[in-house]
Amino acid sequence: MEKLVERKLTKKDYFVVSSLLFALFFGAGNLIFPLHLGQLAGHNWFPATLGFLVTGVLLPLLSVLAIAITRSKGVYDVGLPLGPTFAIVFMVLIHATIGPLFGTPRTATVSFTVGLAPLVPQQYQQVALFGFSALFFLAAFLLSYKENNIASNLGKVLNPVFLVLLFLVFLVSFLKPMGSVSQAAPTAQYLHGAFTNGFLEGYNTMDALAGLAFGVTVVTAVRAMGKKREKSVAAVTAKAGFFSMSAVAVIYLLLIVVGAMSLGRFKLSADGGVAFSQIVNAYAGSFGQAVLATLITVTCLTTAVGLVAAFAQDFHAHFPKVSYHTWLALSCLASFLTANFGLEQIIAWSTPMLMFLYPLSMVLILLSVFSPLFKRDGAVYFMVVLFTVVPAFFDMVVAFPAVVSQSAFGKAVAAFRLHYLPLASIGLSWVVPALVGLVLGLGVYFYKKARVSVGVTEKE
């Protein structure tokens, strides 16, 4: 058997991989969630931060490791141990969520909320959002039509500029604080359950889902540098990921603290976009806000281009009868329509979907990371996912706005889960059933393994 020869990576190689991971998981659109979390958590910001970092930083890194360890080409391959039908449904759900249903429209609404909304009278907000989102997604369509690198290259230039300006905001915020973190009052939810609520708030970043969909680009880059073995690729990804995700974690931490301090001057905002706009305007005035808003709009546009292009490419690959350009147009049109519900409504309706998809993604990520221990056996996957999907569905129903959660069906589901499922009161009713499924799945795996061993012994 030919021995694989691997090249030793240089510091520059690690820097490239770290930069790729940072670009994948840090987007201007994600600024709003840690900022709002800080306002919600108040002086309980530290446990809330720990919870947020688990789902907003650690889990996304594990999603890329899952791609590396299983040699997957994308989200479809991650779900393949459960069969092609499940894999295609899972892929559609992931891409629809980070794409035209929630993730892509959010890039436009964050830009609008931070940049244009403060300048537009209340009665014209909806008209302004309509016009802004139409131009935003027309630009996204044109920039991704020829599958060139214009938006990507623009992002490489503007993202560092945006980061510098963001750190200037941090610097001023700590030199001239709006208030004391220790005196910031938490909301009722964060009074006692700060860690859990921070954990659930991390779902909103959607980065674990993005890692499953786009992590292959990072893994491919590592392999192109000369690493061939799965263990080597995973080790390099983990090492580079430690540096890049530490940087993301520091940014999130600072945003959470700034959000908590802002309660000294402002009331709890409707969302993080409003909070960010208020804070920047207070420190930098209308000119500073205009500069930051422009940068956020352009960086969000580069993110949108990546999302609509990835949606079109993946759907064309699995449904080739429909062309790339048709999928691209559908993605941009659907994103435009969704964006016009506004940032607050998008967050309100995306949360339930994430309460369903994140548990499924979490168990699939963890199963993929540890799959070498049980040879990626389908029985283990099946039992864990089977025991996760039902309680995750219940969590989704209860998280919907009142029109669903307060219906007769919604109330019946809420009563059932609280009565029968542990941890349901904190939105984690899937955890114990998933562990039961894991025990049963591993039991089936080791039973089959023992039978095979006995059969081999008898033949000898």
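Even glycines carry a Cβ here, placed using N, Cα and C.
Pulled from TrEMBL, these are the features on record:
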- 12-33: transmembrane segment (TRANSMEM)
- 45-70: transmembrane segment (TRANSMEM)
- 82-103: transmembrane segment (TRANSMEM)
- 123-145: transmembrane segment (TRANSMEM)
- 157-175: transmembrane segment (TRANSMEM)
- 208-226: transmembrane segment (TRANSMEM)
- 238-261: transmembrane segment (TRANSMEM)
- 290-312: transmembrane segment (TRANSMEM)
- 324-343: transmembrane segment (TRANSMEM)
- 355-374: transmembrane segment (TRANSMEM)
- 381-403: transmembrane segment (TRANSMEM)
- 423-447: transmembrane segment (TRANSMEM)
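Note: the stretches the transmembrane segment (45-70) and the transmembrane segment (423-447) are not in contact (fewer than 3 CB pairs below 8 A, sequence gap of 6 or more).
Nonlocal intrachain contacts for the transmembrane segment (290-312), taken as residues 6+ away from its ends with a CB within less than 8 angstroms of a stretch CB, comprise 27-29, 31, 95, 98-100, 103-104, 107-108, 110-111, 114-116, 136-137, 139-141, 143-144, 147, 151-152, 154-155, 158-159, 161-162, 165-166, 169, 213-214, 277, 280, 284, 324-325, 327-328, 331-332, 335. Contact between the transmembrane segment (355-374) and the transmembrane segment (423-447) holds: at least three of their C-beta pairs are under 8 Å, each pair 6 or more apart in sequence. With respect to Cβ pairs under 8 Å, the transmembrane segment (12-33) is most closely packed against 238-261, considering the stretches 82-103, 238-261, 423-447. Comparing 82-103, 208-226, 238-261, 423-447 for CB pairs under 8 angstroms to the transmembrane segment (381-403), the maximum falls on 423-447. For the transmembrane segment (157-175), the partner stretch with the most Cβ pairs below 8 Å, chosen from 82-103, 208-226, 238-261, 423-447, is 238-261. Contact between the transmembrane segment (82-103) and the transmembrane segment (238-261) is absent: fewer than three CB pairs lie under 8 Å, with pairs separated by 6 or more positions in sequence. Within the chain carrying the transmembrane segment (123-145), a Cβ under 8 angstroms from the stretch's Cβ atoms is held by residues 105, 107-109, 111-112, 116-117, 151, 297, 301, 304-305, 308-309, 312, 325, 328-329, 332-333, 335-336, 339-340, 342, all 6 or more beyond its ends. Within its own chain, the transmembrane segment (238-261) is flanked in space by residues 14, 17-22, 25-26, 31, 34-39, 41-43, 45, 48-49, 52-53, 56-58, 60-61, 64-65, 166, 169-170, 173, 177-181, 184, 272, 275, 279, which lie at least six positions past its ends and keep a Cβ under 8 Å from the stretch.
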